[in-house]
Amino acid sequence: MLESHLIIYFLLAVIQFLLGTFTNGIIVVVNGIDLIKHRKMAPLDLLLSCLAVSRIFLQLFIFYINVVVIFLIEFITCSASCAFLVFVNELELWLATWLGVFYCAKVASVLHPLFIWLKMRISKSVPWMILGSLLYVSMICIFHIKYTGFMVPYFLRNLFFQNATIQTEVKQAIQIFSFVAELLVPLLIFLVAVLLLIFSLGRHTRQMRNTVAGSRVPGRGAHISALLSILSFLILYISHYLIKTFLSSLKFHVKRFVFLFCILVIGTYPSGHSLILILGNPKLKQNTKKFLCHSKCCQ
């Protein structure tokens, strides 16, 4: 019989899974309907749709991990499933990184020639960003299968089977390359883009406040809302990275509080940020309301 804290944890995991699947599914469906109506899709909608699809698969895998942890069913550690895990996880991280770059290029006010060039071409570059991410992540998966195929199954066996043993002396160069290629590069790109956007929005908000002191400035609330949305994106993104690094560097018993908390935090990012995207994007929010109202009327 399950302990009380495991029952509570599993209920939270189910709620998290349903919320994440629903919010990301809404993004895909709403943008899909918009594509059918107008026979074209805006670059931001395309990026959001691809990100939502990758997050749905990521939520499915996280929920599968939760089921394995709670009910101790057999975990599949074949090379194909591990390669799929790496593919979905890395693709989601890169698409989220490009989303931060897109917001930065569109919203931030920077007079540097390189930034102006990026601002003018970012919309046309979105399909190439997605294609480049797919190719890059595919190369990472091939690298894992060829050189480090045993590392992911070993990490998973360490979590789920305490008696598992394997030679732990892995080439340091391979480990460093994996860390840089999979975690450090997208993280640095994201940090530069989002911090630049936060500073730009903060500076613009202060200028608006100082220009008309004591009066209500139109658009000021929108800037504050955008700033809070980007800050929440940054917090969720960084916490996601920190927890993953923490999990990969230490050994845990799967039913201990620290491990369960880490898995819950990892699942919060793809579900929580997608909800923030819907609430913070006026077009997406309006189309979601129309879709939900239409669904209720059809019942």
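Backbone N, Cα and C define each Cβ position, glycine as well.
According to Swiss-Prot, the feature N-linked glycosylation site maps to Asn163.
Mean pLDDT for the topological domain 'Extracellular' (1-9) in the predicted structure: 76. The topological domain 'Extracellular' annotation in Swiss-Prot covers 1-9 (among others) and rests on sequence analysis.
Residues or ranges marked as topological domain 'Cytoplasmic' by Swiss-Prot: 31-55 (among others). Counting only same-chain residues 6+ beyond the ends of the topological domain 'Cytoplasmic' (31-55), those with a CB under 8 A from a CB of the stretch are 20, 24-25, 88, 91-92, 95-96, 98-99, 102, 122-124, 126-127, 129-130, 270-271, 274, 277, 281, 284, 287, 291.
Under the heading topological domain 'Extracellular', Swiss-Prot lists 77-81 (among others).
Long-range contacts of the topological domain 'Cytoplasmic' (103-124) within the same chain: residues 43, 193-194, 196-197, 200-201, 204, 226, 230, each at least 6 residues beyond the stretch ends and with a Cβ under 8 Å from a Cβ of the stretch. Feature annotation from Swiss-Prot assigns topological domain 'Cytoplasmic' to 103-124 (among others).
Annotated topological domain 'Extracellular' per Swiss-Prot: 146-178 (among others), in sequence order.
Residues or ranges marked as topological domain 'Cytoplasmic' by Swiss-Prot on the basis of sequence analysis: 200-222 (among others).
Marked as topological domain 'Extracellular' by Swiss-Prot on the basis of sequence analysis: 244-257 (among others).
Summarising the annotation, Swiss-Prot assigns topological domain 'Cytoplasmic' to 279-299 (among others) and lists sequence analysis as the type of evidence.
Look at Swiss-Prot and you will find 10-30 (among others) tagged as transmembrane segment.
Annotation comment: Swiss-Prot describes 56-76 (among others) as transmembrane segment.
Here Swiss-Prot flags 82-102 (among others) as transmembrane segment. With a threshold of 8 Å between CB atoms, the same-chain residues lying at least 6 positions outside the transmembrane segment (82-102) that come near it are 43-44, 47-48, 50-51, 54-55, 57-58, 61, 122, 126, 129-130, 133-134, 136-138, 140-141, 144-145, 149, 152-153, 156, 182-183, 186-187, 189-190, 193-194, 197, 233, 237, 270, 273.
As annotated by Swiss-Prot, transmembrane segment applies to 125-145 (among others), with the evidence given as sequence analysis.
Here Swiss-Prot flags 179-199 (among others) as transmembrane segment, drawing on sequence analysis.
As annotated by Swiss-Prot, transmembrane segment applies to 223-243 (among others), with the evidence given as sequence analysis.
Positions annotated as transmembrane segment by Swiss-Prot: 258-278 (among others). Same-chain residues lying 6+ beyond the ends of the transmembrane segment (258-278) with a Cβ under 8 Å from its Cβ atoms: 9, 12-13, 16-17, 19-20, 23-24, 26-27, 48, 52, 55, 58-59, 62-63, 65-66, 69, 92, 96, 159, 229, 232-233, 236-237, 239-240, 243-244, 246-247, 252, 284-285, 288.
Beyond its flanks by at least six residues, the transmembrane segment (179-199) meets 86, 90, 93-94, 96-97, 100-101, 103-105, 107-108, 110, 140, 143, 227, 230-231, 233-234, 237, 241, 244-245 of its own chain at Cβ-Cβ distances under 8 Å.
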